[in-house]
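Here Swiss-Prot flags H184 as active site, proton donor/acceptor. Per Swiss-Prot, the feature Mg(2+) 1 binding site maps to D26. According to Swiss-Prot, the Mg(2+) 2 binding site annotation covers D26, E28, H184, D189. The annotation domain 'Exonuclease' is assigned in Swiss-Prot to 23-197. For F32, F80, F127, F149, the entry in Swiss-Prot reads site 'Important for substrate binding and specificity'.
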Amino acid sequence: MSDSQEIPYHNQLKNRFRGYFPVIIDVETAGFDAKKDALLELAAITLKMDENGYLHPDQKCHFHIKPFEGANINPESLKFNGIDIHNPLRGAVSELDAITGLFQMVRRGQKDADCQRSIIVAHNATFDQSFVMAAAERTGVKRNPFHPFGMFDTASLAGLMFGQTVLVKACQAAKIPFDGKQAHSALYDTERTAKLFCYMVNHLKDLGGFPHIASELEQEKTTEKETAL
């Protein structure tokens, strides 16, 4: 008997989000226009589910990125995120290397979880998704694992669960430590967002909100049919 057969249906990651593999992402940029402004930093964390159906952070990648040729650089954005694009200690790589590395990590995790496609999870996710997709288009990296427009927005989810939409406030509500001095570092914000998303998914499970009774009944019917065949 395989591991997936031994683990209950709803405790398998591939069955939690309709076949989607969730990947937490945060970006730091030189503006708000994904087509014109530079992508300067990107971090991503994949997730795994244990045999009891609880979600946990898993693999991570993090890149400082060189502005693409002709990119706009908004000084106000650099002042906000504290990035010095001329600092040689950044160890910045090209967009091509960053997106290639991201996609490779995500595809491996997606395959290991037996998921059909990956989906971006981010705080105010439209922003992060737009920059990832624009960079993928610029670089021409093939086999983009992400859904082209679907996403999970932790700002919306936290607003529903806690009445808080700001990341630090949502983390505080979930009793997740948050160091404001490290905020606006893509890696730190991704780590906090990953913990927040896992907390919300796991807390919903603890409250009895998942699996929903209707989906449980449907799964029982499916299992009965398979057993009868």
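The chain as shown is numbered from 1 upward.
For all residues, glycine too, the Cβ spot is worked out from N, Cα and C.
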Quiz prompt | Cα distance (Å, whole number) from the residue listed as 'active site, proton donor/acceptor' to F80 (site 'Important for substrate binding and specificity') | solution = 8
Quiz prompt | Rounded distance in angstrom between the Cα atoms of F127 (site 'Important for substrate binding and specificity') and D189 (Mg(2+) 2 binding site) | solution = 14
Quiz prompt | Alpha-carbon spacing, D189 (Mg(2+) 2 binding site) to F32 (site 'Important for substrate binding and specificity'), which is rounded to whole Å | solution = 18
Exercise. Calculate the distance in Å between the alpha carbons (Cα) of F32 (site 'Important for substrate binding and specificity') and D26 (Mg(2+) 1 binding site), and round it to a whole number.
Key: 14
Exercise. State the mean pLDDT for the domain 'Exonuclease' (23-197).
Key: 97
Quiz item: Relative to the Cβ position of F149 (site 'Important for substrate binding and specificity'), how many further Cβ atoms are located within 10 Å?
Solution: 9
Quiz item: When you measure from the Cβ of the residue listed as 'Mg(2+) 1 binding site', which residues in the chain that are at least 6 apart have a Cβ under 8 Å away?
Solution: L42, A43, A122, H123, D128, A186, L187, D189, T190, T193
Practice problem: May I ask you to report the DSSP-based helix, strand or coil state of E28 (Mg(2+) 2 binding site)? | Solution: strand
Quiz item: How would DSSP class H184 (active site, proton donor/acceptor) in three states?
Solution: coil
Quiz item: Within 8 Å of the Cβ centre of D26, E28, H184, D189, which other residues of the chain have their Cβ, at the recorded Mg(2+) 2 site?
Solution: V27, E41, A43, N81, A183, S185, A186, L187, Y188, T190
Quiz item: What count of other C-beta atoms do you get within 10 angstroms of the C-beta of D189 (Mg(2+) 2 binding site), across all chains shown?
Solution: 25
Practice problem: Tally every other Cβ atom lying within 10 Å of the Cβ atom of F32 (site 'Important for substrate binding and specificity'). | Solution: 13
